Every structure is written in structure tokens, then in C-alpha cells.
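Engineer: Pasting a structure below so you can have a look.
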Amino acid sequence: MELETEADGKLEAEVQTETIMEMEREVKTQTEGESVERDPESDTRTGEVKRERETEPVLVCVSGSTPLLWRSADLRLVRERMGIVGTLVGSLARQPRQNCRLGRPLQLQLEEARLLKDTGRAVLVKGAESECDDDRVNVEVEESYTKHLQHSYEEQGRLALEEKKRVLQRVMTERFRDEALTDQPIRERLSSLKSSFSFPRSAMMVQLCTARARLGYAPVERDWLAADWTLPRDNKQEVRYRVYQDLRQQGYYITSAGKFGGDYLIYPGDPLRFHAHFIAVCVPIKSESPISDFLCLARLGANVKKTILLCSPSETESEGVIYTSIQWSGMV
């Protein structure tokens, strides 16, 4: 029976492939035989919709003190138009037990969120946890979600059982045509299938209820949910933000450099296409550091084939940021 089922699967796959190829040939023939005229008004409307999406403010969801981006359109917009990379921290729905490839949300650095806010390109909204402070509400939501999962499991189990019955009935019909074979074992298994069939929970598909994640808001709701979020304004944060702002104005892409012992990794283009050229270390203009710290940074930069960049904002914002590069050239 297993061989028959496998053969049926291969036959169905071949039929589907032939059907798709035939449809593609028909479409290609129609396209080559007819002159397709583009509607200029349709192109204009498409361009207007695209421009509206680009000018729409990015929704930054503040979870505690962490700024997050959830909408895929926002992730694409901030990367392509604003050069903001961030870090994906969410698990993939189909591969949750791994951390090599991650998905939404996109966690922003504090400087990235502040730059979006200061330039008016983002609207900060409260996180989901701030809307459900009542423990009773949380319990009700959890119970409702558990019931939903159980109902989905039962429904998927019923559909899987029906699909298996259809497969057995198809095999039984094909074997009935051959008088030399008996279909009695298949009939017996079909009758006992309902009591012996078990649908594993690991095979259940889970629906992600993104409609309840409040990823889109009307203007009134957006104003009501506006987060009263203020960044820490100590001296170190101000230094980091001024350096980040200046580098972004020069067109560099910036990511965190915690694993390299610095503040930022500086890329000449998108990090998916380029390696980082510099490790930026933000230091106040009048700060004092031992020479051993600079030697350690220089040796580190030489080992990872990057240039250490000391970034010191001037006392007045009009004078910009002073950059000093350090490279290891050996002991004298």
C-alpha cells in the first residue's frame, strides 16, 4: 500500500507539473501574440500609493525601554530609505527552535529610535504589555487562546483523518480493478482507521493572530496610544547620539559593535553587501584614557582587519564631530 501511495504521489506531482508548464506556455503565447498596452492612469495611481506608503510615519512599538518595529513595510522602509539596520530578535514561525535565522520584530538601537523621532519619521506607540496590566484580563486572554488552539487541533485532526480515508479509498478502487488482488485488508483498515488514527500535535499548524497585535492604527488611536518615552540624556548617550547622527548624515550604515569592543560598526553600504571598515569608539572630547586602552583597541582592530575610529563630538554642535583613526603598526 505504501508503494502504491508513493506512486500515486509521484503521478499527481507529474500531472501538476505538466499542467503548470502548459499554462505557462499558453500565457507566453498570448503575451507574444498580443500587444499589451500599459494604462498610464494605473501607473500613476500605483506611484501615488507607493509615495504615500513612503511618507507614512513608521510605527515604533516601545516595549519597556526597547523600541521595536513589527510591520514588514516599516522594516523595508527604514532600511532602504533611511539606512537603519537594527537587529532581528523574533523567532521564525516554521523554525522556532533555532537562532541562526531570526525574524520580526526588529529591535532598534536607542540612537536609531531617537533619530527617527527627532526627524519626524516615526510615531512611538505603547507596547502590548502596557495595555494589559490587569491580571484578570491576561488570564482571560490566555484561556481564550488555549481554547482556540484546542479547537484548531481537533479541526485539523478531522481533516487529516478524512484525507487519509480518501487515500485508502483511492488505493482500494485501483486494486479492485485488478482481479488478482484482494482488497479485504484495505477494507478492514479503513473500518478501523477512525479508532486507531492519531494526529500528532507536533504536526499541527498554528495560526499567528497578527490582527490582534495592533500593527495598524487609525490617527485617533495613534494619538491616544502615543508613548511618553524619553531617552536617558546622560553625557555618554549624548555623545553616542551625536556621533550616530553625524555618521548617518554622511551616508554610512551603522550597527552595534559590542562584540568588537566598540560602540558602532561602520559600513560604506548595506551590511548585506559590505564588510565593516571601521569600529567606532565614542569618547568625550576632554576625556582622559590610559595609553594601554588605545593599544588594546589598535591590536583588536588589526586582528579583525578594521580601523579603530575615535569619535569625539565638539563642545558646540555647529563644529561637528572630530574623528581620529588608530592602526597597529608594531612595536618600535
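Glycine too: its Cβ is placed from the backbone N, Cα and C atoms.
Unlike curated records, TrEMBL annotations are generated automatically.
Look at TrEMBL and you will find 1-54 tagged as region 'Disordered'. Taken from TrEMBL, the feature compositional bias 'Basic and acidic residues' covers 22-54. The domain 'TSEN34 N-terminal' annotation in TrEMBL covers 60-126. Residues or ranges marked as domain 'tRNA intron endonuclease catalytic' by TrEMBL: 238-317. The feature active site is assigned by TrEMBL to Y267, H275, K306.
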Engineer: How many Å lie between the Cα of K306 (active site) and the Cα of H275 (active site)?
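Structural biologist: About 9 Å separates the two Cα atoms.
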Engineer: What does DSSP give as the helix, strand and coil breakdown of the domain 'tRNA intron endonuclease catalytic' (238-317)?
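Structural biologist: Secondary-structure breakdown of the domain 'tRNA intron endonuclease catalytic' (238-317): 29 helix, 20 strand, 31 coil.
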Engineer: Mean pLDDT for the domain 'tRNA intron endonuclease catalytic' (238-317), as a whole number?
Structural biologist: 90
Engineer: Counting each residue once, how many in the domain 'TSEN34 N-terminal' (60-126) are helix, strand and coil under DSSP?
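Structural biologist: Across the domain 'TSEN34 N-terminal' (60-126), DSSP assigns the residues as follows: 18 helix, 23 strand, 26 coil.
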Engineer: Given the active-site residues H275, K306, which one is most crowded in terms of C-beta atoms within 10 angstroms?
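Structural biologist: Counting Cβ neighbours within 10 Å, the top one is K306.
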Engineer: In whole Å, note down how far the CA of H275 (active site) lies from the CA of Y267 (active site).
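Structural biologist: A Cα-Cα distance of 6 Å.
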Engineer: Within 10 angstroms of the C-beta of Y267 (active site), what count of other C-beta atoms is obtained when all protein chains are considered?
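Structural biologist: I count 20 other Cβ atoms within 10 Å of it.
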